[in-house]
Amino acid sequence: MSERGAAGPGPATIQVSRIMRPDDANIAGNVHGGTVLKMIEEAGAIISTRHCNSGQGEPCVAALARVERTDFLSPMCIGEVANVSAEITYTSKHSVEVQVNVMSENILTGAKKVTNKATLWYVPLSLKNVNKVVEVPPIQYMHKEQEDEGRKRYEEQKLDRLETKQRNGDVILPVINPEPHTVGYSQSSLIHLVGPSDCTLLGFVHGGVTMKLMDEVAGIVAARHCKTNIVTASVDAINFHEKIKKGSVITISGRMTFTSNKSMEIEVFVDADPFVDEPQERYRAVSAFFTYVSLSKEGKPLPVPQLLTESEEEKRRFEEGKGRYLQTKAKRQAQMQQAAQH
């Protein structure tokens, strides 16, 4: 691992590199989106924890609170090296914004390409009292505009987190003898006991571990629907509502909400059952939307079977997913036009 640069207290940029192994990929040799998300989170956790401990405050560990929308710009394959660089771009009194870029490198040819760009938000928690959020040392900005833009992003994500938490009461119920291409046919769940290797120094689950499990479930849903090779295309904002403690049993559930001609939106949420000695009831810990695409054996995009909605609730979720899809499409076209003008 190498580091470079500085902006105020603490390191400004770090880089983490790792070669992709067969157990990081699917049967077609494409690296799992969850593996990439886990590496992104590890780099973010390192730089934000170091920064938060660079002042005179009490020792703390940075906990992941949110990941903004992340696009998977190009697939990564077994044998390539993932170079993950992370930089702190904004700090508020109690949170840190980290921007992460992932570049894949073919070490035989030297060819490199950008595969991911992500923005993560961390909150520093005291080592002495895990429920106490400590103050973040401020960073120095090159221009005042950088601070103003960062503050705007901070206020936007704060509002979005509140809205997401308010609509988080849904549960996924089993369906008897579902028809192919219905929501019930592809919906999936995974149950995981949280062990020490999943956790931070504070005894709570790493955000990257949770995201990897969420991507696995979303991938199963997509594969069941298409019966083809599938890859992660993007992840909408992932909101971490509550910490998950070591020893908890977590249920990661996924269901398809929307299909376009070439993509599928899958809603995934994580519910935690605390350890037997804990009086707390089951709670919703994390939620997100994943988008997948279907690929041929040659890696070409394939048409996606239309999702058959049955209940009024499924139809409502389909229309909401369509709205998100059209919004993202319009935003992408606007960015392309802007880039063409420059």
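Note: Cβ is positioned from N, Cα and C throughout, glycine not excepted.
Within its own chain, N26 (active site) has H32, G219, N229, V231 as residues 6 or more apart in sequence whose C-beta sits under 8 angstroms from its own. Feature annotation from TrEMBL assigns active site to N26 (among others).
For D215 (active site), other Cβ atoms within 10 Å of its Cβ number 26. Under the heading active site, TrEMBL lists D215 (among others).
Positions annotated as compositional bias 'Basic and acidic residues' by TrEMBL: 313-323. Helix first, then strand, then coil: DSSP counts for the compositional bias 'Basic and acidic residues' (313-323) stand at 11 helix, 0 strand, 0 coil.
According to TrEMBL, the feature compositional bias 'Low complexity' maps to 333-342.
Residues or ranges marked as domain 'HotDog ACOT-type' by TrEMBL: 10-128 (among others). Counting residues per DSSP class in helix, strand and coil order gives 23 helix, 60 strand, 36 coil for the domain 'HotDog ACOT-type' (10-128).
Annotation source TrEMBL lists domain 'HotDog ACOT-type' at 184-298 (among others). Each residue in the domain 'HotDog ACOT-type' (184-298) has a pLDDT score, and their mean in this model is 93.
Under the heading region 'Disordered', TrEMBL lists 301-342.
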Mind checking which residues reach the compositional bias 'Basic and acidic residues' (313-323)? Cβ under 8 Å, same chain, six or more beyond either end.
183, 257-258, 260, 265, 267, 289, 307
